[in-house]
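Chemist: Okay, here's the structure, questions in a sec.
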Amino acid sequence: MELKNLTGIPEFLLLGLSVDPKLQNLLFGLFLCLYLIAVAGNLLITLVISSDPHLHIPMYFFLSNLSLADTGFISTTVPKMLVNTQTQIKSITYVGCLTQISFFCLFGCLDCMFLCVMAYDRFVAICHPLHYNTIMNSRLCGLLLLIAFCIGLLESLMHTLMVSQLTFCADVEIPSFFCDPLYLLNLACSDTSKSTILVYFISVIFGGVPASGILFSYTRIISSILRISSSGGKSKAFSTCGSHLTVVCLFYGTGIGVYLSSSVSTSTKNGAVASVIYTIFTPMVNPFIYSLRNKDIKRALWRFLSGST
């Protein structure tokens, strides 16, 4: 096969979830509905939090930013998939692919960082309640937001530069609906041993470190809750972090599942289906988890909808 430098390849082909023409309209309608539900739900959570003074506290400040990150995360991949499905044009330009990778990694890393910061917020609220307002002041919240964004930009830049150094053969066909860096590594014609090590190193640092922070926070939280004598106090303490813990398990569970399925299974179709759960399903259900399990959000949502009508 003819070798070409990446800059000489004008476009890649995104094969999507199915090549069956009979399924294209069904897939288009399904994913359009999922996308609209996800965007509307996350933007509604952000709007409700920003408009309700009762929710102007650090926990909901970071929740609103998590919802914005989820909106960006799903908007990075789904609109392009919908256009390709409807037009039957599977191509994505080289610049478009790198741009998609950049934003995909940015918003994915922001999700990790916000979940970690929210776990720290719950740790301070439960383990150090008397010093909560002093510790979680507006200055620290702004600093944590800035740090999360800078770390997200760094991971995005590292992934983009790594992919830009790869050499590909002609007619690159990506067996997914978006430019997944893992698939691009497998499709490269050049030696990818160093790039593969770099990808896993980046994943461990930018995904594993926030996960370790979440694990440490909840270890201390559970230890503090178990020392509470009354069952009512324990129930109230658990309820304050139940929604967040559910989202953490869903986010990291599906993310780990995608990586395991891509490394264990040889079927590219299974990997693409697993990516749907990670990139579409998780951002879609997060607003429902917080709205159904959080009394403050439900009350604020009711006040917002009542005031609108």
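The backbone N, Cα and C atoms fix where each Cβ goes, and this holds for glycine too.
Take a look at what TrEMBL says about it:
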- 26-48: transmembrane segment (TRANSMEM)
- 41-290: domain 'G-protein coupled receptors family 1 profile' (DOMAIN)
- 60-78: transmembrane segment (TRANSMEM)
- 98-120: transmembrane segment (TRANSMEM)
- 140-158: transmembrane segment (TRANSMEM)
- 197-216: transmembrane segment (TRANSMEM)
- 237-260: transmembrane segment (TRANSMEM)
- 272-292: transmembrane segment (TRANSMEM)
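Any idea what these are sitting next to in the structure?
Modeler: Mean model confidence for the domain 'G-protein coupled receptors family 1 profile' (41-290) is a pLDDT of 86.
Within its own chain, the transmembrane segment (140-158) has Cβ neighbours under 8 Å at 58, 61-62, 65, 101-103, 105-107, 109-110, 113-114, 117, 198, 202, 206, counting only residues six or more beyond its boundaries.
Panel annotation: around the transmembrane segment (197-216), residues 109, 112-113, 115-116, 119-120, 151, 155, 158-159, 162, 181-182, 185, 248, 252, 255, 259 of the same chain, lying at least six beyond its termini, place a Cβ under 8 Å from a Cβ of the stretch.
Within the same chain, residues 111-112, 115, 118-119, 122, 125-126, 182, 203, 207, 211, 214, 218, 221, 224-225, 228, 271, 274-275, 277-278, 281-282, 285-286, 289-290, 293-294 sit at least 6 positions outside the transmembrane segment (237-260) and bring their C-beta atoms closer than 8 Å to a C-beta of that stretch.
Through the fold, the transmembrane segment (272-292) approaches residues 16-17, 31, 34-35, 37-38, 41-42, 44-45, 63, 66-67, 70-71, 73-74, 77-78, 104, 175-178, 180, 243, 246-247, 250-251, 254-255, 257-258, 261-262, 298, 301 of its own chain, all at least 6 residues removed from its boundaries and within a Cβ separation under 8 Å.
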